[in-house]
Amino acid sequence: MRHLLSTDGLDPATALAILDTADGLKRTLLGREVRKLPTLRGRTVITMFYENSTRTRVSFEIAGKWMSADVVNVSAGGSSVSKGESLRDTALTLAAAGADCVIVRHPASGAAHRIAGWLAAAGTSVVNAGDGTHEHPTQALLDAATLRDRLGRIDGRRVAIVGDVLHSRVARSNVHLLTSLGAEVVLVAPPTLLPVGVADWPVGAAGSLRVSHELDPELPTLDAVMMLRVQAERMHGGFFPSAREYAIAYGLGEARARMLPKHAVVLHPGPMLRGMEIAAAVADSPRAAITDQVANGVHVRMAVLYHLLAGEEDNS
Amino acid sequence: MSSLVIRGAQPYGEGEPVDIAVRDGVIAEIGARLDADGAEVIDAGGLVALPGFVDLHTHLREPGREDTETIESGSRAAALGGYTAVFAMANTDPVADNAVIVEHVWRRGREVGLVDVHPVGAVTVGLKGEKLAELGTMARSAARVRVFSDDGLCVADPLIMRRALEYTKALDAVIAQHAEEPRLTVGAQAHEGELAARLGLAGWPAVAEESIVARDCLLALHVGARLHVCHVSTEGTAEVLRWAKGRGTRVSAEVTPHHLLLDDERLTTYDPVNKVNPPLRTSTDAKALRAALAEGTVDCVATDHAPHASQDKDCEWSAARPGMLGLQTALPIVVETMVNPGLLDWRGVARVMSERPAEIAGLPDQGRPIAVGEPATLTLVDPAGRWTVRGADLASIAANTPYEGMELPGVVVATLLRGAVTARDGKVTA
């Protein structure tokens, strides 16, 4: 694997290999006092974040550091970007400075694809840490790791993704990854928050992706429910009448959570709006795997860096 | 004595090859084996002779973005593409919304002298869509503006559009509308469809074009004015036009070469050389547009030649400017999409590339028949020739093109403007 740009087109064997590596790293580090592996010593990883982020950035930084890579963080605000430097020039600069891997978050869909093209000659790996409303592949991988932990397997499981699918890169990455790993995905949202033609997207197995506008009938058959954040700008964008009406129709309150089977897991990519898309009591309940997602995020990102930078040469 | 003899060309690709003698910028004689008598001879064996092409939709970028195209470089591209007249869009900086700017563009075009450069005047002041520009003053200026457009932006306010249509009736001019309902295209990046949705690119829905075209056709019929629809891009727009023409609306329409050839499958690379407004639609739309052009529902081909600097294209998709080069690839794409599949013969090519656009814009000396006494404003095309597009080799200052490396059929061998050879064998000659 040279880059990780999307889960669309990521073959299931590679995805499972990353998840297995993440599991292995997790076991290796469990209970260790010094959580540091020498695997990526001498490798340089640069994060370029053009959007605000806490968890993704910290997660990648810790992942790199636990693997002994040199991790450098660049943010749009404190860099030449604020002087008007183009994305291409910034990317070429970071590659020339010695980056083995560039991890990029950018508000433009396709930004990571473009950078991968510009850096083809430099040999630098590119990881998409979220591009516009397109994809966020490591989030989907950590969600898959969390589901596998909690449910034992992903194949044959039914997962609902609820909320603003239209603007969600997390939803897109999850749709592709989960269906390719054999899960059945149902997208639950008002029609205004669903991407055009989503039911016809080419995904895993035929019939593995479905759309619904009603949450309640789905709940009793689910193995997991993934709640998406409703961004403030959408609330005022006319996509639905009011926050109150949204919460009534699509929020995961306590009564709704009781309609889920006992084993069903609740996921949220964060940051959460408690009281809007998810009730505090549900977010803090044992079925919620939200902090597991964050913990798994580090291991999954370590695994991604491993497959990109150590990969074939080093299978120790 | 003739100044030039074109030997062995086939006018409109029909009948026996003939010689065409040119004298004082006019076709003096057409016949077999005319005596050159010392005149320059163009060996046109195997070539098709057509009336010089007329482009209703060109961005020459001067004044304002001379780093991407100038009236001179754009004129060279036009001549090499077989064009003898181009309409320079008004969205320059400053905007061509007054007589001073349109006269400048017109004069500069005359100085260069490779192609008749007709400035398009803005419909509204500063292209803001709020207040009519001085259309009458531009029409009565030395530039004799007969086409007005806010292209790049839509005259969205229905009352402003109604007034513009009504007012231009007195000027024997036409409003060329860039049909894009702005409220339906806020932040739009690509054709609203399954692919753009998957790629996370905000959608530019077909209905944003079709609803404006329908509205404008109704307005034009209501006030008895002429309307021209720029760059028709959807099957639905073609259907609206068919309906409107059927009920007697004085509406004409153009389609770009890129909407005939390319489709939204190109989005998957996120390479902004494919970014254009209106966006590349589906292959179904492209097919419907070819049929609409063949049957005349869409009247003509216009390039929407829109040069952009490399930094405005070699960037992330959403930061890129929309538009692509078109003057030198237009005919080959028409050959590829229309002539070779049998949708259009060369007589039809003359219609959509020259005669109809000249009529729409009211040009008396362009798009004329190839006949004795008519201006020797001609394009000679090698229908069997093929060439590979290299952006760096095109005459425009901007070099990025979605056709890079593509092999296309149809080579413009020579272009004549009133008897003067402006381009020959890929070189500008005048």
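The backbone N, Cα and C atoms fix where each Cβ goes, glycine too.
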Determine which of A:ARG2, A:ARG88, A:ARG105, A:ARG234 appears in TrEMBL for the same carbamoyl phosphate site as A:ARG55, A:THR56, A:HIS136, A:GLN139, A:GLY270, A:PRO271.
A:ARG105
Chain B proximity: which binding-site residues among A:ARG55, A:THR56, A:ARG105, A:HIS136, A:GLN139, A:ARG229 have CB distances under 8 Å? Answer 'none' if there are none.
none
Rounded inter-Cα distance in Å - A:PRO271 (carbamoyl phosphate binding site), A:ARG229 (L-aspartate binding site):
7
Do you know which of the binding-site residues A:THR56, A:GLN139 has the most other C-beta atoms within 10 angstroms of its C-beta?
A:GLN139
So if I draw a 10 Å sphere around the Cβ of A:ARG105 (carbamoyl phosphate binding site), how many other Cβ atoms end up inside it?
26
Are there residues of the same chain, six or more positions away from A:ARG169 (L-aspartate binding site), whose CB falls under 8 angstroms from its CB, and which are they?
A:GLY130, A:ASP131, A:GLY132, A:THR133, A:HIS134, A:GLU135, A:HIS136, A:GLN139
Where the distance is taken from Cα to Cα, which of the binding-site residues A:ARG55, A:THR56, A:ARG105, A:GLY270 turns out closest to A:ARG229 (L-aspartate binding site)?
A:GLY270
